[in-house]
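**Student:** Can you keep this structure in mind? I'll have questions shortly.
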Amino acid sequence: MAKLYYDNDADLGRLAGKTVAIIGYGSQGHAHALNLKDSGVQVVVGLHEGSKSKAKAEAAGLQVLSVGEATKAADVVMVLVPDTTQAQLYSDEIAPNLKPNATLMFAHGFNIRYGQIVPPAGVDVSLIAPKSPGHRVREVFEHGGGVPGLVAVYQDASGEALQNALAYGKGIGCARAGVLETTFAEETETDLFGEQAILCGGVSALVKAGFETLVEAGYQPEVAYFECMHELKLIVDLFYQGGLSYMRYSVSDTAEWGDYIAGPRVVTSETKAAMKLLLEEIQNGAFAEDWIEENHTGRARFNKYRSTDVGHQIEQVGRELRSMMPFVNPKEINPGS
């Protein structure tokens with residue numbers, strides 16, 4: 001049975017008199033820094049020279065230092081820059097300045113799990129991973145709540161790494177909702193699998209295939225977009241609120257019957273076998289090795305995949321239709337960003 005911790009299991013006093021360095025001030029970074037600050041914790045933000053986030057952090061009343069200076073000043077260092085830049089940043093700025101008995105923290109275990117960061121033996125290494133985007137972590141906290149999170153300990157030099165990590169989890173509000181104990185390996189492997197097989201890879205491929213099937217059969221692209229992309233949110237919201245059963249309760253009997261008889265024909269035993277292969281590649285490090293190499297060699301395939309999908313018909317049709325629906329809060333991105 002999973003072990004869950006709540007506010008009464010965590011002691012925020014463990015962070016009293018200590019300085020927490022938040023390295024990075026993006027989606028998660030700003031939420032962690034501001035929530036900790038509001039919880040009475042001494043926070044500094046570590047950013048690279050010329051960072052556009054410096055003005056935002058200072059406007060929020062936070063002290064901004066270089067990554068090296070922030071690390072040197074801190075008892076707890078939370079690394080919240082992208083996975084792809086962590087290893088180099090750790091080597092150049094964090095490792096040389098890390099206090100001998102500091103706590104090194106992450107919100108995702110990729111670089112620890114795959115050996116891109118190897119911490120010194122004398123420091124605690126732990127993880128607090130909110131299960132929500134940063135803006136939501138902040139928003140819910142400001143309304144007196146919290147989002148669920150994961151906690152893990154990779155290295156317990158002090159003998160108190162778990163308790164200290166839970167204090168951090170309480171400081172950002174996760175312990176209000178519940179913090180589930182896991183491991184760096186489990187968090188990393190399941191997170192990557194979810195992204196690849198379901199949340200990003202699986203859903204994107206399914207939506208495109210459905211759209212293409214309808215358009216190739218002669219149906220209007222606009223109607224195909226509504227059926228295969230736009231209405232997906234309506235169903236996912238039902239999943240989010242009450243799982244599969246609530247979704248089926250909420251849709252028509254015709255839709256529910258179609259769910260039962262058609263779903264297994266689309267997601268077949270071959271699909272599940274492919275999922276198992278993806279998981280094996282995550283577990284044995286093949287995916288990580290490929291992704292690390294892709295970043296070291298200029299991201300040629302990554303950029304090609306990105307530019308190809310930007311030109312997909314479903315994207316063109318979607319932009320036009322979303323412009324007619326201001327209530328969905330339409331977003332546009334620069335394809336090169």
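Backbone N, Cα and C atoms are what each Cβ position is placed from, and that goes for glycine too.
Okay, these came from Swiss-Prot:
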type: ACT_SITE; residues: H108; note: active site
type: BINDING; residues: Y25, G26, S27, Q28, S51, S53, D83, T84, T85, Q86, G134; note: NADP(+) binding site
type: BINDING; residues: D191, E227, E231; note: Mg(2+) 2 binding site
type: BINDING; residues: D191, E195; note: Mg(2+) 1 binding site
type: BINDING; residues: S252; note: substrate binding site
type: DOMAIN; residues: 2-182; note: domain 'KARI N-terminal Rossmann'
type: DOMAIN; residues: 183-328; note: domain 'KARI C-terminal knotted'
**Student:** For the NADP(+) binding residues given in the record (Y25, G26, S27, Q28, S51, S53, D83, T84, T85, Q86, G134), what is the largest pairwise C-alpha separation in angstrom?
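**Tutor:** Overall maximum Cα spacing for these binding residues reaches 19 Å.
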**Student:** Quick check for you: of the binding-site residues D83, G134, D191, E227, S252, which have their Cα within 10 Å of the Cα of the residue listed as 'active site'?
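**Tutor:** Correct set: D83, D191.
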**Student:** Rounded to an integer, what is the Cα-Cα distance in Å between G134 (NADP(+) binding site) and S252 (substrate binding site)?
**Tutor:** 35
**Student:** Measure from the Cβ of D83 (NADP(+) binding site) and count the other Cβ atoms within 10 Å, all protein chains considered.
**Tutor:** 19
**Student:** Check the Cα-Cα distances from E231 (Mg(2+) 2 binding site) to the binding-site residues Y25, S27, S51, D83 and tell me which is shortest.
**Tutor:** S27
**Student:** From the DSSP assignment alone, can you count helix, strand and coil residues within the domain 'KARI C-terminal knotted' (183-328)?
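**Tutor:** Computed counts for the domain 'KARI C-terminal knotted' (183-328) are 125 helix, 0 strand, 21 coil.
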**Student:** Under a criterion of Cβ-Cβ distance under 8 Å and sequence separation of at least 6, what residues of the same chain contact D191 (Mg(2+) 2 binding site)?
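**Tutor:** Residues satisfying the criterion: H108, G109, A129.
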**Student:** Counting every protein chain present, what is the number of Cβ atoms, excluding its own, within 10 Å of the Cβ of G134 (NADP(+) binding site)?
**Tutor:** 20
**Student:** Please report the Cα separation of E227 (Mg(2+) 2 binding site) and S27 (NADP(+) binding site) in Å, rounded to an integer.
**Tutor:** 31
